[in-house]
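As structure tokens, the structure follows; a few thoughts come after it.
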Amino acid sequence: MKEKYILSLDQGTTTSRAILFDHSGTALYQENRAFAQHYPEPGWVEHDPLEIWSTQLEVTREVITKTGIDTAEIAAIGITNQRETTVVWERSTGKPIANAIVWQCRRTAGICDQLKNKGLEAMVREKTGLLIDAYFSGTKIAWILEHVPGARAKADAGELLFGTIDSWLIWNLTDGRVHVTDYSNAARTMLFNIHTLKWDDDLLAELSIPISMLPDVRPSSEVYGTTTLLGGEIPIGASAGDQQAALFGQCCFQEGMVKNTYGTGCFLLMNTGERPVSSEHGLLTTIAWGLHGRVEYALEGSIFIAGAVVQWLRDELGLIQSASESEAVAKTVENTNGVYVVPAFTGLGTPYWDSYARGTIVGLTRGSNRAHIVRAALEAIAYQTKDVVASMEHDAGIKLAELRVDGGAVMNDFLMQFQADILGRKVVRPQIKETTALGAAYLAGLAVGFYENVDEIKRSWKGDQTFTRVMSEEASQSIYQGWKKAVGTTKGWALDECDTSQ
Ligand SMILES: Nc1ncnc2c1ncn2[C@@H]1O[C@H](COP(=O)(O)OP(=O)(O)O)[C@@H](O)[C@H]1O
Ligand SMILES: O=P(O)(O)OC[C@H](O)CO
């Protein structure tokens, strides 16, 4: 039987998804399942790894049963995932020894301070392309080994395994036969040398992490193994961090091409080709993908809270009933009347890198109302993106021609227009919005010969809507200055409350 489809597994921060693509890159069918977010302490975020696996398996099986396709028609599975989120499990039983520590979790800020106090920043930057921050996996693994009873002894005896979510899914899909990750995920651990493409002994020693825990690091497009859990035997042909997969799905194959994904957070990546570009403004140097025997690099700006501020308006403040309602509410007012929301709920990423910043609403007056706050929350997403673009244009030495956008929040036309206004660059929304899953599908398709090469893939990208600036540059500059002032009030806010000695 001729293979017709690629099945993408997109394991995100808030949902597990499975999407079936045909050869043209059209998403034929998808299933999503939300899972629990755990906040055991202020600033902490956890997921249950077993729930991640069960929801992912359920949606994957449902796609097959509900479409009625034969598994023999699936050329390959591609995996893409929330990055950095850390799972540690027992090699012999496959059981996690703790909840997954999510990328947003700030509990290891104190460990990061200790590394900084030892003067390790330059070394970490040089080897990994990253800053020392609680965002990355390394200090999360160290925390688990330190705090989970018995973990240290088991790790030293070679009984524990670490994985980011891709590794965890591949391990489960292959019944514990395969323990791998890809370059794009390894690059987010703060343990991987992005130049030599090896786990780094010095960093492992600093954090007392035994190398026996770590997965093999492989290209993003390769058959790592097969799964028999879905019926017939299906090759697993790709693994890529979700933001790098979106860069691939947006066909940003040339140096200088940029995409921004508006999901829980916002992640803006520029392809820098075979050249790792280092940054002076808090951008990360990271691996875009390993493909056809070489790696390509990217420059990344990471914003921790984007669409999540809209969830907060809905779930915690009750100001809106649904995420999409934010658009209509924001449009009921002409501006925010001087109100700024800074959603530094889990600190600030690029370009500020402040683990101790916390959120705020400033500029309130007697005339401030619900619509002003909703509008200010949406505008904050665009301002944070502007902060990142300004750093990126400076460090890469180029002016963006356009910003390709994707992710759940890009359906908000108000946000997209405001983004174009505040940025003064074209904002282009593609026809196919599921670019993260699509990127993983393309990478898996390349691994098994479903696609011949990237040129074939490039032809499938099509723009849908382009937003351009209508606001005057002067007005745009003026309100952006207000944002910078608002951000200034959030910095270091939680420093006194956090025990930085852990
Ligand atoms: N119309 C909308 N306007 C603003 N934000 C939205 C809208 N629709 C969805 N979102 C936000 O987008 C996010 C979901 O996007 P998605 O790409 O699925 O995220 P993730 O992969 O991080 O789970 C949520 O945080 C949600 O609040
Ligand atoms: O799950 P998302 O789409 O919010 O992406 C999370 C990022 O990979 C974190 O680095």
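Backbone N, Cα and C atoms are what each Cβ position is placed from, and that goes for glycine too.
The domain 'Carbohydrate kinase FGGY N-terminal' annotation in TrEMBL covers 5-249. Positions annotated as sn-glycerol 3-phosphate binding site by TrEMBL: THR13, ARG83, GLU84, TYR135, ASP242. According to TrEMBL, the ADP binding site annotation covers THR13, ARG17, THR264, GLY307, GLY408, ASN412. Marked as ATP binding site by TrEMBL: THR13, THR14, THR15, THR264, GLY307, GLN311, GLY408. The glycerol binding site annotation in TrEMBL covers ARG83, GLU84, TYR135, ASP242, GLN243. Under the heading domain 'Carbohydrate kinase FGGY C-terminal', TrEMBL lists 259-447.
Here the features listed in TrEMBL are placed on the structure.
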residue : record                               : Cβ within 10 Å
THR13   : sn-glycerol 3-phosphate binding site : 22
THR14   : ATP binding site                     : 16
THR15   : ATP binding site                     : 19
TYR135  : sn-glycerol 3-phosphate binding site : 28
ASP242  : sn-glycerol 3-phosphate binding site : 30
THR264  : ADP binding site                     : 27
GLY307  : ADP binding site                     : 25
GLN311  : ATP binding site                     : 15
GLY408  : ADP binding site                     : 19
ASN412  : ADP binding site                     : 21
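Nothing from the binding-site residues THR14, THR15, ARG83, GLU84, ASP242, GLN311 places its Cα within 10 Å of the Cα belonging to ASN412 (ADP binding site). Close to the recorded ATP site, the chain also has GLY12, GLY263, ALA308: residues not among THR13, THR14, THR15, THR264, GLY307, GLN311, GLY408 whose Cβ is within 8 Å of the site's Cβ mean position.
Taking the binding-site residues ARG17, ARG83 in turn, the residue surrounded by the fewest other Cβ atoms inside 10 Å of its Cβ turns out to be ARG17. Considering only the binding-site residues THR15, GLN243, GLN311, GLY408, the residue whose Cα is spatially closest to the Cα of ARG83 (sn-glycerol 3-phosphate binding site) is GLN243. Checking the binding-site residues THR14, THR15, ARG17, GLY307, GLN311, GLY408 for a CB within less than 6 Å of any atom of ligand 2 leaves no residue at all.
Checking the binding-site residues THR14, GLU84, ASP242, GLN243, ASN412 against ligand 1 with a 6 Å cutoff on the Cβ atom leaves THR14, ASN412, in sequence order. Comparing local CB density within 10 A for the binding-site residues GLU84, GLN243, the maximum falls on GLN243. Comparing CA positions across the binding-site residues THR14, ARG17, THR264, GLN311, GLY408, the one lying closest to TYR135 (sn-glycerol 3-phosphate binding site) turns out to be THR264.
Counting only the Cα atoms, the space from THR15 (ATP binding site) to ASP242 (sn-glycerol 3-phosphate binding site) is about 13 angstrom. Note: the CA-CA distance between THR264 (ADP binding site) and GLN243 (glycerol binding site) rounds to 12 Å.
ARG17 (ADP binding site) sits 12 Å from ASP242 (sn-glycerol 3-phosphate binding site), taking the Cα positions as reference. Looking at GLN311 (ATP binding site) and ASP242 (sn-glycerol 3-phosphate binding site), their Cα atoms lie 20 Å from each other.
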